[in-house]
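I have placed the structure first, in the form of C-alpha cells, so that the comments after it can refer back to it.
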Amino acid sequence: MQTLLGIDLGTTGVKAALFAVEDGHVIADAFFEYPLFHPHPGWAEQNPSDWWEATISAIRLCLKEGASKGAAAEDVRGLGLSGQMHGVVLLDSNQHVLRPCIIWADQRSDAQCRWITEKVGASNLIQYVSNPALTGFSAPKLLWVRDNEPEIFAQARTMLLPKDYIRYRLTGVLAMEISDAAGTCLLDVKHGNWSQEVLAALELNPSLLPPVVPADAASGSITAEVAGLTGLRAGTPVAGGGADNACGAVGNGVVEPGLALVSVGTSGIVLAHSNSPQVDTSGPVPRVHTFNHAVPDAWYLMGVTQGAGLSFRWLRDNIGLPERALERWTGIDPYELLAKEAESIPAGSEGLIFLPYLQGERTPHLDAYARGGWIGLTASHDRRHLVRSVLEGVAFSLKDCYAIIQEQGLQLNQVRATGGGAKSPLWRQIIADVLGVELVVTNASEGPAFGAALLAGVAGGAYSTVQEACARTVQVVQRTAPDTALAPAYEQAYEVYKALYPALKPIISRPL
C-alpha cells in the first residue's frame with residue numbers, strides 16, 4: 001500500500017498521520033504533547049529538543065500502527081511538514097540551538113515592532129513584505145534577542161522556523177519553506193525571496209536566513225540516522241511542506257479561487273485563496289495578512305482571531321470545573337457538556353457580549369495589549385450565558401476577518417470549516433449564522449497533517465499538482481446552513497460587539 005506521512009508541529013503537541021495515496025484515508029496517527037513555558041507575563045517559549053523527541057516518538061508509533069494494518073514503512077512515498085508559524089529558532093555555527101524558541105504567541109517584542117516600523121517606514125514595509133510588523137511575527141522576536149541577549153545573538157548563524165528545525169533534524173538540510181517564510185516580516189511576499197531592503201534597514205546579516213524552498217518539492221531526504229530512529233526508509237523525500245494554516249487550507253482543498261477556510265483552533269483564522277498578492281490598503285496598516293500559499297504561484301489573505309479555542313479552553317478550565325470532574329468518571333468531553341448547556345440560551349446570549357482578546361488581537365485591531373472580558377452582565381445571566389457568549393464572541397471576531405476579506409474584492413463561493421472548534425455542532429452553527437454563509441466540512445479530519453502529506457505526495461511523484469492531489473482525496477462530508485431567522489439577533493449583537501473595542505480601548509488596551 002502506497003502511503004504518505006504528514007507531520008504537524010502544533011503549539012500543544014505534534015501529530016504524525018499516515019495516509020493512503022489512493023484516496024487519502026487515514027491509516028494511522030499518533031500525537032505526543034510537549035510543554036509550553038511562560039517565563040514572564042506575555043512571554044511564550046518552547047524547547048526545540050522537546051519538539052524533536054516528540055516527533056520521533058510520533059513517527060515511530062504511527063508507523064508501528066500502520067504496519068499492523070498492512071502499511072509498511074518502506075512504502076511511504078514522502079513526508080510532509082506542517083507547523084506553527086513565526087517562532088524563532090537560533091542555531092550556532094555547529095547547528096546547536098542557542099535558546100528556547102520564542103513562539104508565535106509571545107508578545108514581548110512590541111518595542112521592536114515600533115522600531116522596525118520607524119526604521120523601514122510603515123508604507124515601505126507594506127511595499128517590501130506586504131505586512132506590518134507585529135509581535136507575533138519572527139523579525140521582532142529576532143531583534144528582541146539582539147537587543148536583550150546580545151551574547152546569544154552574537155553566536156547565531158542561522159534562524160529557522162519550528163517545522164524547518166524539524167526538517168534540519170530529519171534531513172540535515174537548512175532551509176525555510178515559502179508559506180512559512182512569509183510570516184517572518186522579512187520575505188518579499190510578492191516575489192518569494194528575502195527582502196534585501198528590509199534586511200539592510202534592520203542591519204541583519206542575510207546569511208542568518210537559509211534558502212527559501214517550495215512547498216510541494218523535495219527539500220531533502222531522510223538520513224540514515226533518522227531511519228534508524230524511526231523505521232522510515234533512508235532517502236524518503238521530505239517535501240518543503242507549509243505553515244499550519246497553508247497546510248490546513250491544502251488539506252481542506254482550499255487551493256483555487258473562490259474558496260475560503262474558517263479554522264477554529266487555539267487561535268482562529270479566516271483564509272481565502274488568491275491568484276495574486278492582494279493587500280488590504282484601506283488604512284495605514286493592513287488589517288489582514290497577505291502570505292504565500294503552499295500552492296505554487298498562489299497567495300492567501302488571512303484574518304486572525306488570537307483567542308478562539310483559547311477562550312473556550314479558558315472557560316472550561318476556570319468555569320467548567322464540574323464538567324472536568326465529570327470527565328474523569330464518565331469520559332464525556334467537558335466541551336460537549338458545556339456546549340449542551342449553551343444550547344438552551346437564545347442567539348445573542350440575551351445581551352451578554354464576550355470580547356475574546358485573552359491574548360491580544362490581530363484582526364482587525366492589531367493590538368497586542370487588548371484584553372478580553374464580558375460586557376452586559378446582569379443578575380439574570382447564568383453559566384449558560386457565559387458559555388454561549390464565548391462561542392458567539394469568537395464568531396463575531398471571525399466575522400470581522402471575513403468582512404475585511406470580502407472588502408478586498410475576493411468572490412467567495414464556498415467556506416470550509418476545520419479545527420477542533422468546528423467539530424462542535426453548536427459552535428459550527430453559530431459561526432454559520434453569524435457569517436450568514438453555509439459552512440462545509442470535508443473529510444480532512446487531520447487538517448494540516450493531511451495537507452502536508454498531500455504536498456509530500458506531489459514532491460514524491462504520487463500526484464502531479466496540489467490541485468490534483470486535492471481532487472483525488474478531499475471530499476465534502478457535511479454542510480451547515482445558516483438559520484436566517486436568527487440573523488436579526490446576531491446582527492444586533494454584532495453591532496454592539498463592534499462598538500465595544502473603540503469605546504473601551506483606553507481601559508482594555510494597556511501594557512502588562
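Don't overthink the numbers, they just go from 1 along the chain as shown.
Every residue gets a Cβ built from N, Cα and C, even glycine.
All annotation found in TrEMBL is predicted automatically rather than curated by experts.
Small disclaimer: the values here were computed from a predicted structure and weren't measured.
Taken from TrEMBL as is:
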- ASP244: active site, proton acceptor (ACT_SITE)
- MET85, HIS86: substrate binding site (BINDING)
- 4-251: domain 'Carbohydrate kinase FGGY N-terminal' (DOMAIN)
- 261-459: domain 'Carbohydrate kinase FGGY C-terminal' (DOMAIN)
- ASP8: site 'Important for activity' (SITE)
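Positions of the features from TrEMBL, shown on the structure.
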residue : record                        : Cβ contacts under 8 Å, 6 or more apart
ASP8    : site 'Important for activity' : VAL14, LYS15, ALA17, SER82, GLY83, ASP244, CYS247, GLU446, GLY447, PRO448, ALA449, ALA452
MET85   : substrate binding site        : TRP104, LEU161, ASP180, GLY183, ALA243, ASP244, ASN245
HIS86   : substrate binding site        : ILE103, TRP104, GLY136, PHE137, SER138, LYS141, LEU161, GLY183, THR184
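Following the DSSP three-state reduction, the secondary structure of MET85 (substrate binding site) is coil.
Reduced to three states, the DSSP call for ASP8 (site 'Important for activity') is strand.
Take the CB of ASP244 (active site, proton acceptor) and look out to 10 A: across all protein chains shown you find 30 other CB atoms.
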